[in-house]
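Working notes, beginning with the structure itself.
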């Protein structure tokens, strides 16, 4: 029997999607702003060349469990049905549960949903049992995407000004965890789809057991499709589509989300002996694995590009991330975002993309203008030094049509100039405007902190520039491009 202390309660299943900590690829920690020397002048003694470890990814700042992990003793005192699963290892004075016991993990999920979210919940034996704190991170990250307003809300002529956020959960499962959390945490409306009778039955039961949010959640059979004459028909076989035909004509959503089948076979899915989270073959296995399943989402997103503000999916293997991003770029997405969820030795990634034009002005009039931005490249191979990265920076901006004056000896790309005409083409959000778009100039500097770790800093040359939002978007694109080129080559 494997026993884990209460501190590891949030350890995720191998097959159950997002894990507990979160580190966004578009953000950097406070430590990233420490003083560093330019790459050309950094001469560290060999004895001191000890690579500093970056801070471990943290839970989302809005996750209720970030500061207050579940208290097993308290839960057992309030819910006697949970008490029977408590264990007391001699090495710790804190109670634990056996995470290889499906009944124990299911009961923990039940009491957490009830105690912390006011949600009544249950699943039958064998269905995938989610971990509440880890699933909450995905919900909060989507909240960040929506609140960033990078992609404006989809407006309909008949929509109210206070439009309810609406999400679509692909493969909601019997547990229906994302709609239940999204509705209880955020007040969002959901459509959850699935293809098996037992998943549809129990998802509906879980919704009906919570009348305070049941009006926000619809469970939809993804096996139903529209025949050639327009009539609604059904089949016992799931379609190759996951959104097309399941999304109704005229419907629009703020986002879709998915915890896809990660594995190609049940044998692959059973490789983690430390957890027992259940899961049917439909929930865990897909021919071609997660890459094939997410390809189906991408293909459907092309057909529904104007119906969703954001398309998102979990990714279980980093080696698939570059392939999927390339596919998304290939089909014409305007924006791609990624984030990483990490807990212990387990990592999951989340991928988001949109076909809608991004806002040109990313900064509200009342927000402080950021004219200095930076990000880190960590884990670089030896052959990928500051010089190679700087050359890629230069190539990136030249490919955009910008003019550059490089000083490679000083590790700067100076006087990167975006003309007003080019800025209008790059950052036009589709709205008509009578005012001309100003051009702007900035520079990029590369600093080496430790071997394999570079800091890139961008600075607008005119600090009062009104194009800080466009600069921020362009700098974000540079970050994504460099991370794809230098960090994803190895397949991670």
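Think of each number as a place in line: the chain as shown, counted from 1.
For all residues, glycine too, the Cβ spot is worked out from N, Cα and C.
No curator has checked TrEMBL annotations; they are predicted automatically.
Annotated in TrEMBL:
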- 135, 171, 194, 259: S-adenosyl-L-methionine binding site (BINDING)
- 58-68: compositional bias 'Basic and acidic residues' (COMPBIAS)
- 43-68: region 'Disordered' (REGION)
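Spanning the listed S-adenosyl-L-methionine site, residues 135, 171, 194, 259 have a farthest Cα to Cα distance of 18 Å. The Cβ of residue 194 (S-adenosyl-L-methionine binding site) has 26 neighbouring Cβ atoms from other residues within 10 Å, across all protein chains displayed. Note on the compositional bias 'Basic and acidic residues' (58-68): DSSP counts are 0 helix, 1 strand, 10 coil.
Around residue 135 (S-adenosyl-L-methionine binding site), taking its Cβ as the centre, 23 other Cβ atoms fall within 10 Å, counting all chains.
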